[in-house]
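Taken verbatim from Swiss-Prot:
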type: COMPBIAS; residues: 156-165; note: compositional bias 'Polar residues'
type: DOMAIN; residues: 114-149; note: domain 'Tify'
type: REGION; residues: 54-73; note: region 'Disordered'
type: REGION; residues: 151-176; note: region 'Disordered'
type: MOTIF; residues: 177-202; note: motif 'Jas'
type: MOTIF; residues: 179-186; note: motif 'Nuclear localization signal'
Amino acid sequence: MAGRATATATAAGKDRSSFAVTCSLLSQFLKEKKGGGGGLQGLGLGLRPAPAAPPAAGAGGAFRPPPTTMNLLSGLDAPAVEVEPNTADTAADELPLIKAPADQQSDESASEAAGEKAQQLTIFYGGKVVVFENFPSTKVKDLLQIVSTGDGVDKNTGTAATQSLPRPAHNSLPDLPIARRNSLHRFLEKRKGRMNANAPYQANCTAAPSKQANGDKSWLGFGQEMTIKQEI
């Protein structure tokens, strides 16, 4: 029993001595690598560096993070990006044209023909208005060509139409004072009738002053009679 105890004690002393030796060697190695590697990081153990100490607080006690810089001109160094043309336009141009079926084309032509027929034509000629319903546009063109060339137009009807047209306004101006003349003649006739009705009274009035004038001169006759009587 005593031998086993001494054996275990000697083994423990050896282990402690070997552990102390390894610790001393490690500390010596770290001191040597302190200047270049920086402690345990140079051993390749995957240890992260210790965080940097925070800067000292300002006078107010508020923490101020270190300033950061941003490179705003980094896009100038990047190569230019080539923009591809719009593929939708090219695809639309490359698509083949789809034609409508024959039945649909015939229906469209029929509808167009019906639209041409459902038109109204109004003609002003010879002071009259003539209206044609459902007159096709193709015949309108033919009619305009005929009118422009003068074919199919009777000269007698043209002259009759021009003769039947009303006179212009400047020719009818002298006819306007006729009513005034008639009213003036009526007024003069009425005035003449009044003068004829008042004519006897005017004659008596003119005779009365002559009588008064003769009466005023009658004393001259009395003087002549007195001289004649004295002579007798």
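Placed from the backbone N, Cα and C atoms, the Cβ positions cover glycine too.
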With a Cβ cut-off under 8 Å, give me the same-chain residues at least six positions beyond the ends of the motif 'Nuclear localization signal' (179-186) that come close to it.
none
Over the span of the domain 'Tify' (114-149), how high is the average pLDDT in this prediction?
78
So, by DSSP, how many helix, strand and coil residues make up the motif 'Nuclear localization signal' (179-186)?
8 helix, 0 strand, 0 coil
